[in-house]
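Here is the structure we will look at.
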Amino acid sequence: MNIRKNIAVIGVLITFFCFYNFLIYTSKEKETPVKLSKKAIKGQKIWQDNNCWSCHQVYGLGGYLGPDLTNIYSTKDSNYIKAMLNSGIQSMPKFSFTEEDKEAIVAYLKTIDSTGYYPNYEAIIKPNGWVELKYKDEK
Amino acid sequence: MKNKTALTFLVFALVTLALGILFGLLASLQYIFPTFIKSVIPFSKMRPFHVTTVISWIILAATGSIYFYMVKEEKLSLFSFKLPKAHLLLFLATGVTIYFSFMLGYTEGREYLSFSPILTIPVLLGWILFGLNYFKTLRKSVKNWPVYYWMWGTGIVFMVYHLCEAHFWLIPSFKEHFVKDIAVQWKSYGSFVGSWNMLVYGISIYIMCKIKGDEKLARGKKAFFFYFLGLTNLMFGWAHHTYIIPMQPWIRYVAYGISMTEWIILAHIIYSWKQSLSIQKQEEYPIAYKFLVVADLWVFLNLILALVFSIPAINFFTHGTHITVAHSMGTTIGINTSILFASLFFIASKLKPDFTFKKIKQYVTLYNVSLLLFWVVLLMAGIKKSHWMYFTKNVLFSEMQESLFYVYIAFFSFGLLLVISILRIITPLFFVFIKNIYQNRVMIKDEEKQAVL
């Protein structure tokens, strides 16, 4: 196949790709975007440093050994989360988080909880295969 | 370079495959015995070892194969013969550093790139050296590129881009906005896989051409149509991983539309299924051919699975369940590993024409059967989890996990059989490559001696 034609097709695709990426990188998520506080960012760092994603999921993304934690903050309370953190229950490692660390993780999970629902029980499944998600900020 | 550097890539690829599957097997034991060795190596520490090592297998095997084909098969004079050595050293040194950092507990990264972000710099440098050498060599030596050269080039370029994109979370404007952050993270992972698929599928087309002795397969309009379709999916088709995340609906609409184009690929596979089975030249490279047929079957099975859960209404129920794991195991083992085995056996047949298939024949069968059962068990676990999520009430997560106990035993058992079969399959390859590297060293020393005399 003609090399120029190939380069032209790739050029068109890359142009769309750049435009598409620009929109994704700069667009705000639905309605009011939720911003992580300094404390929540610290919690996010603790989450990453301890590989919490290895076992736990957020929005169904992550590991399968532990439960999904997207809405753990609203289904349980912060004391429950703090109690679980150092419990070493089942396959969970025995962590020794300080009270400050626990507060930071709770702040991170609280922010995640405020972004949406998972599982999204109130989503509407359309006949064309589309799913209309229920957003957290919808009234 | 002779073929020493390419073969060294392949030897380390085999070592990482052996280590990676053993790490995976060890980690999977914690599904059956939750407290098993968790004080020494909890699952959260084991999984980064497993994930990083098996990704390294795909990358090293694909890279080594491409270098080998360029130098030994296509007889291309590389732009630089030192760059592949630098590339190899960078990857190996980084790999060893990553292992040590994991052992010391430094896992500041994210799910699939869990090592410290600073270690991505030498990895990126390795890819840039590879790209530089690749494009400079081809630009100089090849006029009309067959599709596999386009695919390899695309894989290298997009690998660099998506490795960078996977670290956008280091930028505060991404890190601070959870939804955007997780969406971009999964966009990069989806496309990262798409990038290595370009390398691996390019290798598959290359071997098919060589086995058939027909270059038309890589030069026709159809080949380029599927290349561009694959590229479109690499760029825009990632978001079926994130249908459920509350991001802008248009992103999900685009992903839905793009994902559905893969039906064309499926239709093509069904159409050409019979033809692919009637290739006559298979006797020349029996093992490579067999693995290509295996990969074809797995492409078929996984594409059906991927297409089904690319429909948002179905994805809604399968997302976050082991069905997604079944898909990733089906693609990384069934498709990628089978194609890379085909490539490695093709190379082994070139190095040692009397390489026999008989000794490992039953292990190839065991590999296929155990993988199929492993895959089915994961689908069963996924269906069970989905049922628990959407159709049961007041059942705790731990109760659901306990109810999967026998499924996890089957998961481990078939995983064990898979590990045994893979270890047996790769053993002869390992020795052929090691022997050839040693012979190359002797040859080079002899040449040097003669030059001195």
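Backbone N, Cα and C define each Cβ position, glycine as well.
These come from TrEMBL:
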TRANSMEM  B:7-29  transmembrane segment
TRANSMEM  B:49-68  transmembrane segment
TRANSMEM  B:88-106  transmembrane segment
TRANSMEM  B:112-135  transmembrane segment
TRANSMEM  B:147-169  transmembrane segment
TRANSMEM  B:189-211  transmembrane segment
TRANSMEM  B:223-244  transmembrane segment
TRANSMEM  B:250-271  transmembrane segment
TRANSMEM  B:291-313  transmembrane segment
TRANSMEM  B:333-351  transmembrane segment
TRANSMEM  B:363-383  transmembrane segment
TRANSMEM  B:403-434  transmembrane segment
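Same-chain residues lying 6 or more positions outside the transmembrane segment (B:250-271) and placing a CB less than 8 Å from one of its CB atoms are 183, 226, 229, 232-233, 236-240, 242-243, 296, 299-300, 303-304, 306-307, 310-312.
Long-range Cβ contacts of the transmembrane segment (B:333-351) within its own chain (Cβ-Cβ under 8 Å, at least 6 residues beyond either end) map to 3, 10, 13-14, 17, 57-58, 61-62, 65, 68, 72-73, 196-197, 200-201, 203-204, 207, 210-211, 285, 287-292, 294-295, 297-299, 301-302, 371, 375, 418, 422, 425-426, 428-429, 432-433, 436. Only sequence-distant pairs (6 or more apart) were considered; of these, at least three Cβ pairs between the transmembrane segment (B:223-244) and the transmembrane segment (B:147-169) are under 8 A, so the stretches are in contact. Long-range contacts of the transmembrane segment (B:363-383) within its own chain (CB-CB distance under 8 A, at least 6 residues past either end) are made by residues 287, 290-291, 294, 301, 318, 321-326, 329-330, 333-334, 404, 407-408, 410-411, 414-415, 417-418, 420-422, 424-425. When each of B:49-68, B:112-135, B:189-211 is scored by its Cβ pairs under 8 Å to the transmembrane segment (B:147-169), the top-ranked stretch turns out to be B:189-211. Through the fold, the transmembrane segment (B:49-68) approaches residues 1, 3, 5-10, 12-14, 16-17, 19-21, 23-24, 27, 84, 87, 91, 95, 98-99, 102, 111-112, 114-115, 130, 134, 152, 155, 196, 199-200, 202-203, 332, 336-337, 340, 343-344, 347 of its own chain, all at least 6 residues removed from its boundaries and within a Cβ separation under 8 Å.
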